[in-house]
Amino acid sequence: MDPTISSLSTESTTLNKTGHPSCRPILTLSFLVPIITLLGLAGNTIVLWLLGFRMRRKAISVYVLNLSLADSFFLCCHFIDSLMRIMNFYGIYAHKLSKEILGNAAIIPYISGLSILSAISTERCLSVLWPIWYHCHRPRNMSAIICVLIWVLSFLMGILDWFFSGFLGETHHHLWKNVDFIVTAFLIFLFMLLFGSSLALLVRILCGSRRKPLSRLYVTISLTVMVYLICGLPLGLYLFLLYWFGIHLHYPFCHIYQVTVLLSCVNSSANPIIYFLVGSFRHRKKHRSLKMVLKRALEETPEEDEYTDSHVQKPTEISERRC
């Protein structure tokens with residue numbers, strides 16, 4: 001599962017081995033990607049600095065911290081990848097091994113980002129559907145433990161995919177296909193988990209017998225999931241089609257890969273913008289620090305009770321007493 005290598009090696013005026021016209025990467029997209037990635041890295045760096053050093057750690061902040069770390073990792077990979085595309089376009093040599101390592105490294109933050117987003121959505125769904133059970137049985141450091149497991153699993157899948165595709169791809173092709181199948185199946189499972197938990201949460205909040213007032217945290221999560229479905233999911237779908245249907249990266253599919261990468265970079269860059277927009281919406285104070293804005297974006301306080309906290313504290317206290 002390494003479309004980066006193949007798409008970097010295409011030519012514009014020749015025919016490939018299958019007789020299809022090859023194509024060079026679109027130079028406009030190759031220049032857009034580094035611009036978007038630099039902006040996204042700036043935003044995610046601010047989020048990492050605030051959550052890592054300036055704010056008190058909570059369950060949701062641990063998830064958001066790791067999500068920003070995954071987004072930064074993903075943006076770094078594709079920033080370097082875009083520079084290699086530009087170098088390749090102008091005939092500057094780039095070592096094949098660096099392309100192989102970079103192509104497989106990019107799958108690690110993609111898996112971890114989707115996993116963390118699925119974990120956030122699932123936890124919020126459980127807290128809304130079964131609030132008392134959730135507050136009573138949730139381990140104190142569960143978010144940190146889940147994030148560690150996600151990173152370990154993501155690195156394991158990425159390393160195995162790189163090892164079998166780079167070193168044993170020709171001699172042990174069946175093992176490479178098995179690893180790709182596991183990665184693809186895991187991505188499908190994560191997407192179904194994200195979609196199912198988000199849909200259940202949406203139905204419960206908007207259509208339940210007891211409607212829960214919207215909190216800023218729910219708006220933040222909903223917008224993040226929506227942006228992922230629009231911008232982040234196409235890359236996963238492309239990898240799915242690449243594995244199951246054997247789509248080759250000659251004309252015109254090499255352009256599809258570039259577009260999906262650009263959209264995924266937009267997705268990773270948009271998350272900090274979502275946090276700061278939600279946190280600054282209807283803020284009464286004129287002078288707002290980034291720390292306060294980010295803190296408000298992750299608050300579970302409903303909009304109408306934001307300044308009183310009367311309707312939020314009571315259910316939480318009751319559930320904790322029942323534990």
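For all residues, glycine too, the Cβ spot is worked out from N, Cα and C.
According to Swiss-Prot, the topological domain 'Extracellular' annotation covers 1-30 (among others).
What Swiss-Prot lists as N-linked glycosylation site is N16, and the listing cites sequence analysis.
For 31-51 (among others), the entry in Swiss-Prot reads transmembrane segment, with the evidence type sequence analysis.
The topological domain 'Cytoplasmic' annotation in Swiss-Prot covers 52-59 (among others) and rests on sequence analysis. Away from its own ends, the topological domain 'Cytoplasmic' (52-59) comes close to residues 65, 123, 142-143, 291, 294-295, 298 of its chain (Cβ-Cβ under 8 Å, at least six residues beyond either end).
Annotation comment: Swiss-Prot describes 60-80 (among others) as transmembrane segment. For the transmembrane segment (60-80), the residues of the chain that approach it from at least six positions outside its boundaries are 33-34, 37-38, 40-41, 44-45, 47-48, 51-52, 102, 105-106, 108-110, 112-113, 116-117, 119-120, 123, 143-144, 147, 150-151, 217, 261, 264-265, 268-269, 271-272, 275, 298, judged by C-beta separation under 8 angstroms.
As annotated by Swiss-Prot, topological domain 'Extracellular' applies to 81-100 (among others).
What Swiss-Prot lists as transmembrane segment is 101-121 (among others).
With DSSP states grouped into helix (H, G, I), strand (E, B) and coil, the topological domain 'Cytoplasmic' (122-143) comes out at 17 helix, 0 strand, 5 coil. Taken from Swiss-Prot, the feature topological domain 'Cytoplasmic' covers 122-143 (among others).
According to Swiss-Prot, the transmembrane segment annotation covers 144-164 (among others).
The annotation topological domain 'Extracellular' is assigned in Swiss-Prot to 165-180 (among others).
Only residues 6 or more beyond the boundaries of the transmembrane segment (181-201), in the same chain, are considered here, and those with a CB under 8 A from a CB of the stretch are 1, 107, 111, 114-115, 117-118, 121-122, 124-125, 128-129, 157, 161, 218, 222, 225, 228-229, 233, 236, 239-240, 243-244. According to Swiss-Prot, the transmembrane segment annotation covers 181-201 (among others), on the basis of sequence analysis.
Sorting each residue of the topological domain 'Cytoplasmic' (202-226) by its DSSP state yields 17 helix, 1 strand, 7 coil. Per Swiss-Prot, the feature topological domain 'Cytoplasmic' maps to 202-226 (among others).
Residues or ranges marked as transmembrane segment by Swiss-Prot on the basis of sequence analysis: 227-247 (among others).
The topological domain 'Extracellular' feature in Swiss-Prot is assigned to 248-258 (among others).
According to Swiss-Prot, the feature transmembrane segment maps to 259-279 (among others), an assignment based on sequence analysis. Packing against the transmembrane segment (259-279) from elsewhere in the chain are residues 29, 32-33, 36-37, 39-40, 43-44, 46-47, 64, 67-68, 70-72, 74-75, 78, 81, 110, 113, 216, 219-220, 223-224, 227-228, 230-232, 234-235, 237-238, 290, 292-298: each is 6 or more residues past its ends and has a CB under 8 Å from a CB in it.
On the 0 to 100 pLDDT scale, the topological domain 'Cytoplasmic' (280-323) averages 65 in this prediction. Annotated topological domain 'Cytoplasmic' per Swiss-Prot: 280-323 (among others), in sequence order, evidence recorded as sequence analysis.
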Checklist line | Helix, strand and coil totals (DSSP H, G, I; E, B; other) for the topological domain 'Cytoplasmic' (52-59) | finding: 4 helix, 0 strand, 4 coil
